[in-house]
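Everything on this sheet refers to the single structure shown next.
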Amino acid sequence: MLGGARSGKSRHAQAIAEACAGERVFVATAQAFDGEMAERIALHQRDRDASWRTIEEPVDLPGVIAAVAGGGRVLLVDCLTLWLSNLLLAEADLDAASDALVDAIQRAEANIVFVSNEVGFGIVPDNALARRFRDAAGRLNQRVAAACDVVELVVAGLPLRIKG
Amino acid sequence: MLGGARSGKSRHAQAIAEACAGERVFVATAQAFDGEMAERIALHQRDRDASWRTIEEPVDLPGVIAAVAGGGRVLLVDCLTLWLSNLLLAEADLDAASDALVDAIQRAEANIVFVSNEVGFGIVPDNALARRFRDAAGRLNQRVAAACDVVELVVAGLPLRIKG
Amino acid sequence: MLGGARSGKSRHAQAIAEACAGERVFVATAQAFDGEMAERIALHQRDRDASWRTIEEPVDLPGVIAAVAGGGRVLLVDCLTLWLSNLLLAEADLDAASDALVDAIQRAEANIVFVSNEVGFGIVPDNALARRFRDAAGRLNQRVAAACDVVELVVAGLPLRIKG
């Protein structure tokens, strides 16, 4: 589930996940550093009912998936872009983390719905860190899209199927 | 009609509107604050012939639609993103304005073609106002897309149907 | 072949070009101003084997196409956005250059695959030069898309056909 900011991708991803049978696990990668982010997290939480178990994991997403993605479950991971941002802040090895994520996806028996931002359609950012982030986000989206069966781009709340 | 900057969305929207029968009304939300914007407005005007009546309304778009969207007319509204920008500058209530717009769309008997920018596919902007604008634009696009029968994303002058 | 940053568009374009019969000519518009750009160029070069002849031409792209786009060849031009950037730096006449490019495309007997960036889906850039670049890139993409038989938007490595 790829989309721009405020494209409705989280809501659409949740609807898809809720259409799957199985115990619902929400994997939140967001960290509430400031009031703005805390508000966004709270807004998203209000959209989910008590049928969802929430796991907060900003960094070890592959480990969480490996631990909980057993059969009979559906996972909603929101979102890969914040996970990547957390990895960059932690100065983690991005290639190793991507490898581990793809490996966890391939071993998972649960249905997993990933939410990610498409961030590469603007002009080249002024600063090198933003360019590095944008490049890494593009590469990560490519790798995860290749590992998933279905990929959709959400525009104005409307899904556009690009794979599957 | 969603599209990026200089994607050809205004031209494509005009072609769709001109394919509809009815009296043509162009609703311009742009305000010529500076020479750059004045030039853009003049460029778009040159593309429309005398069959178009033009109404300039930077803020009360729902009121204009309610007033002129009777049967036998076709409206081209260019564009929602500038309208939103004007609302933000006027410190208007964005939710109330969105509600009023959706209400006006649902009551309209005329065919209405909206032009709007997709602005959420770049990296997260540095400043809070730009983030607020981007979020509001995404939410507005979602609401209007939900209220319209047909939605297209214009890329390089080429329309991609995403609804209808 | 349109796509965002790190969308996989260059790789996809190369795969399409290599599926065409004919002598392979890679037309590189990049100039290695700094280490970052030199690294990107080297990365892309490593992806091409010895079957490719490379021509580096930052500015006179229409001239190169006119010279080498004979029958029995396939050209991969990577990318139009850097070419445009070079034209702006050289203070060239953008309209004349676009006209010359479209003319060269129409006369070409070779299959030509163009790579270009979609840069208009972010918020309006702060500075006037970035806005000018974004507008010019949008117009160029529209003109080239109109002149080509097939246009694809690449998202997360996945092509979405928008023309042809």
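Keep in mind that glycine also has a Cβ here, set from the backbone N, Cα and C atoms.
The Cβ of C:Ala30 (GTP binding site) has 18 other Cβ atoms within 10 Å, all protein chains considered. The GTP binding site annotation in TrEMBL covers C:Gly3, C:Gly4, C:Ala5, C:Arg6, C:Ser7, C:Gly8, C:Lys9, C:Ser10, C:Ala28, C:Thr29, C:Ala30, C:Glu56, C:Asp78.
Sequence annotations record features per position, and here TrEMBL assigns active site, GMP-histidine intermediate to C:His44. Reduced to three states, the DSSP call for C:His44 (active site, GMP-histidine intermediate) is helix. Around C:His44 (active site, GMP-histidine intermediate), the C-beta neighbours below 8 angstroms that are at least 6 residues distant in the chain are C:Ser10, C:Asp78.
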In this structure, which of the binding-site residues C:Ala5, C:Ala28 has the fewest other Cβ atoms within 10 Å of its Cβ?
C:Ala28
Max Cα-Cα distance in Å among C:Gly3, C:Gly4, C:Ala5, C:Arg6, C:Ser7, C:Gly8, C:Lys9, C:Ser10, C:Ala28, C:Thr29, C:Ala30, C:Glu56, C:Asp78, the residues listed as binding GTP?
23
Once the chains shown are all counted, how many other Cβ atoms turn up within 10 Å of the Cβ of C:Gly3 (GTP binding site)?
29
Under 8 Å Cβ-Cβ from C:Lys9 (GTP binding site), six or more apart in the same chain: what's there?
C:Met1, C:Leu2, C:Gly3, C:Val115, C:Asn117, C:Val154
Listed in sequence order, which of the recorded positions C:Lys9, C:Ala28, C:Ala30, C:His44, C:Asp78 sit with a CB under 8 A of chain A?
none
